[in-house]
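I have placed the structure first, in the form of C-alpha cells, so that the comments after it can refer back to it.
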2 protein chains.
Amino acid sequence: MEEIEVTSSSHSYKIIIGEKIRFRLKLFLPKEYSSIFIISDEMVAPLYIDEIRSNFTREKIFQTILPPGEQTKSIETFYSVHTAAINAGLDRNSLIIALGGGVVGDLAGFVAATYMRGIDYIQIPTTILAHDSSVGGKVAINHELGKNLIGSFYPPRAVIYDVETLQSLSAREIRSGYAELVKEALIADQNFFNTLINTDIQQVTAKELQSHLSLGIKIKADIVQEDERESGVRMYLNLGHTLGHALEAEMGYGKLTHGEAVAIGLLFTLHVSENMFSKQIAYKPLIEWLKENNYPLKLQRLDDNALLNKMKSDKKTVNSKIKMVLLDDIGSPLVKELSDQEILDSLHSFNRKLVTE
Amino acid sequence: MEEIEVTSSSHSYKIIIGEKIRFRLKLFLPKEYSSIFIISDEMVAPLYIDEIRSNFTREKIFQTILPPGEQTKSIETFYSVHTAAINAGLDRNSLIIALGGGVVGDLAGFVAATYMRGIDYIQIPTTILAHDSSVGGKVAINHELGKNLIGSFYPPRAVIYDVETLQSLSAREIRSGYAELVKEALIADQNFFNTLINTDIQQVTAKELQSHLSLGIKIKADIVQEDERESGVRMYLNLGHTLGHALEAEMGYGKLTHGEAVAIGLLFTLHVSENMFSKQIAYKPLIEWLKENNYPLKLQRLDDNALLNKMKSDKKTVNSKIKMVLLDDIGSPLVKELSDQEILDSLHSFNRKLVTE
C-alpha cells in the first residue's frame, strides 16, 4: 500500500493505492459521517457497490446509479442527483462517495462541491484513466457547447485506489489510462518514461500497475499542490490535451477514448517541440510504443481549420490565442503561445508524417 | 466614502460604500480584464446599466438581463447565463459584474464560481437588503425542493455600493433591507440597535443610510472573516432566519419579502430567548419599532407543524435537529438545539402573543 499526501488550499488529503483497501474505507476517512451517498454507474455498481456499502453498518446509506458515459455529465443529471441527495436528507455532515471512472468522479465531485454550498466527498476510482481526474480537485459537468465548462476546484477528502478493481478493465480502457501516465512521465520523469515505453500494457502485473500509478500520481500531486487553481505550472498537465480535446470534440465523443486522443495529442506536442527546438526529444520512441500497444493512429482526415477552432475554445485559451504546452526535453515543459498559422502548419506536417509512418 | 476590507481564504477584497462610485469602478478593480459581462435584471438595468458600461471603454463588454424575482435563481436560468457567457467568449481573464439585488448577486456569483471552474466577479448591490448577501461569498441558486440548496462559497473581488442607487427603493424594499441591519445590530452592537430603533426608515438620509450600511457590513464582515464556511460563528448570521425562511416557504415566495419574514423571525428569536433566559432582551422595543415602520405582523394563521417541517429542511439542520440562534443578550448570540416540541410550544405562545399585541 502506498500513501501520497496532497495539500490543497482548504485541506490536506491522502491518496491511498493498494489491494483490497475497498474493504477498509473507514481507515482513510477524516471523520465520522451521519450518512453516506454513493454515486456510481451501471457498469461499476454491480461489481463493487455492495462491497463499498459493507464498510458502513452504522450510517444511513443511499446510492444513485447513473448510465455510463460522457452524456451523464449533463446539467439534467447534475440536478437529478441533487434531487436524490435532498430526498435522502443529506446534510453538511454527510459524505458523497464517487465510485467509478472519471465521469462519475467529475459529476459526483461537482455535486459535492455545490450541495448546500459544499459537503465532503471521496473518490474511489475504478479505471486507470481516473488516476488523473481523481487527484487535484477539478470537478465539472459539460455544457452542450464544450466539455467541463461548468465546474469548480473542490478537492476530495481522500482518494482510495484499490488496484484490484482495475483487473476487469478492457484493453481499450488500459490504453486510455496509460496515455495519461505517459503524459506525466513526459512532464517530469525521464526514468519513468523509459520504464513505460518498455512496458507491454496488456501484460502488466498488479505490482507494476501500482508502481506506475504511484509515480504518475506523485507527479500530478506535486504540480497541483504548487498551483491548485491553474494559474501557472498546472497548465503543464495540459500536455497533449490541446489537440487531444479538439480531436475528441471534432470526431464526436466516444469515437476515441480520452486517452487515445491524448496519445495523439502527445505525439503532436513532440512533433511541434522537436521542430521548434530542432532536436529529437521522444517522438520516435513514443510512436513505436503506441503502435506496439495498438493505439489508433490512422485517423480519418479531419479538417485542420475545424480542429484549430476547437483548440481555441479550450478553457486555457485567453484572448483567443492558443497556449500550448511543449517540451524542451523530457521533464522540461514550457508554455508557448502559437499563432493560428503555426498551428495549421504543424497540423499539416504532423498529418503528413503520421500517414507515411 | 468608506472602505471595509474582508479577508477570505482565497483573497482579500474591499467593500466600498459611497455616493457616485458607480462612475469610478476601475479604481476598485484588482486588475485589468479582457472582457466584462454584466448580469442584471429588468428593473435595475434601465436605471443603471448604461452608467456601469460607461466605465469600460477599452474592454469588450456584454450584458444579460434577467426577469426580476426569486424564480430567476433557477437551474434553467443558471444554464442559460452560462450559454450567454460562452457565446460571449468569456475566458479566465474576464470579469462578471452582478448589478442588482440579492437574486442577481446570488445567481451571477454562482455563475462566476462555476464558469470554467471560477472567474472573477464583483457585486454592485442596488438594494439595502443586498448589503447582506453581497458580502461573505455565499452564492447559490434554488432547487425546487428548497432555497439556495445548490451553491458555493465564492467571494467577490469587490463590493461597490453606491448609496445613490438606493434612492429609488420602495418603502417595502427599505423595510426588507432594514430587517437584516437590525439582525446584525442584535448579534453584535447594542448602540447600533438603539440607533436603529430610533430611526424612521422612510425618512432616512443618504448619510444616515451610509452609516447604517457600514455598521451592518462591518459586523457581517467580521463574522465571515472568522468563519468563512459556516462551521461556527457564521451561524449567528442565521439569527431570525430559522422561522424567517420557513415563513417565506410556507406562505409562498413573494407574499412576504425576505426582510419582512426575517423581521418576524427576529421577534420569534427574542420571544424564545426571553422565555429561555427569563429576562427581557429586546422583544418590546423591537415590536414597537416594527409597528411604527409598518412591518406586516398580523399574518394568516399558519400550520405550526408545517412550519416546523420547513424549519427542519434548512441547510443548517444536522441529523434533523433544529439548531436555532438565540440571544442571551443583545450582542451575545448562541446556538441552541431545540426539540420539535419546544419549537411547537414556542410557535404557539408566540402566535398568541402576536395576536393580542
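The first residue you see is number 1, and the count goes up from there.
Note: Cβ is positioned from N, Cα and C throughout, glycine not excepted.
Values in this document were obtained by computation on a predicted structure and should not be read as measured data.
Feature list (source: TrEMBL):
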type: DOMAIN; residues: A:65-175; note: domain '3-dehydroquinate synthase N-terminal'
type: BINDING; residues: A:GLY102, A:VAL103, A:VAL104, A:GLY105, A:ASP106, A:THR126, A:THR127, A:LYS138, A:LYS147; note: NAD(+) binding site
type: DOMAIN; residues: A:177-317; note: domain '3-dehydroquinate synthase C-terminal'
type: BINDING; residues: A:GLU180, A:HIS241, A:HIS258; note: Zn(2+) binding site
Considering only the binding-site residues A:GLU180, A:HIS241, A:HIS258, which residue has the minimal Cα-Cα separation from A:GLY102 (NAD(+) binding site)?
A:HIS258
DSSP state at A:HIS258 (Zn(2+) binding site), helix/strand/coil
helix
By a simple count of other Cβ atoms within 10 Å, which of A:LYS147, A:HIS241, A:HIS258, the binding-site residues in the record, is least packed?
A:LYS147
Can you figure out which of A:VAL104, A:ASP106, A:THR127, A:LYS147 (the binding-site residues) comes closest in space to A:GLU180 (Zn(2+) binding site), comparing Cα atoms?
A:THR127
Quick one: largest C-alpha distance among A:GLY102, A:VAL103, A:VAL104, A:GLY105, A:ASP106, A:THR126, A:THR127, A:LYS138, A:LYS147, binding NAD(+) per the record, in angstrom?
21
Using DSSP and three states only, what is A:LYS147 (NAD(+) binding site)?
strand
Cα-to-Cα gap, A:LYS147 (NAD(+) binding site) vs A:HIS241 (Zn(2+) binding site), nearest whole Å
12
Do me a favour and check the Cα-Cα span between A:VAL104 (NAD(+) binding site) and A:HIS258 (Zn(2+) binding site); whole Å is fine.
15
Out of A:GLY102, A:VAL104, A:ASP106, A:GLU180, the listed binding-site residues, fewest other Cβ atoms within 10 Å surround the Cβ of A:GLY102
Using the recorded Zn(2+) site (A:GLU180, A:HIS241, A:HIS258) as reference, state which further residues of the same chain have their Cβ within 8 Å of the centre of those residues' Cβ atoms, listed in sequence order.
A:LEU129, A:ASP132, A:ALA179, A:LYS183, A:GLY240, A:GLY244, A:GLY259, A:ALA261, A:VAL262, A:GLY265
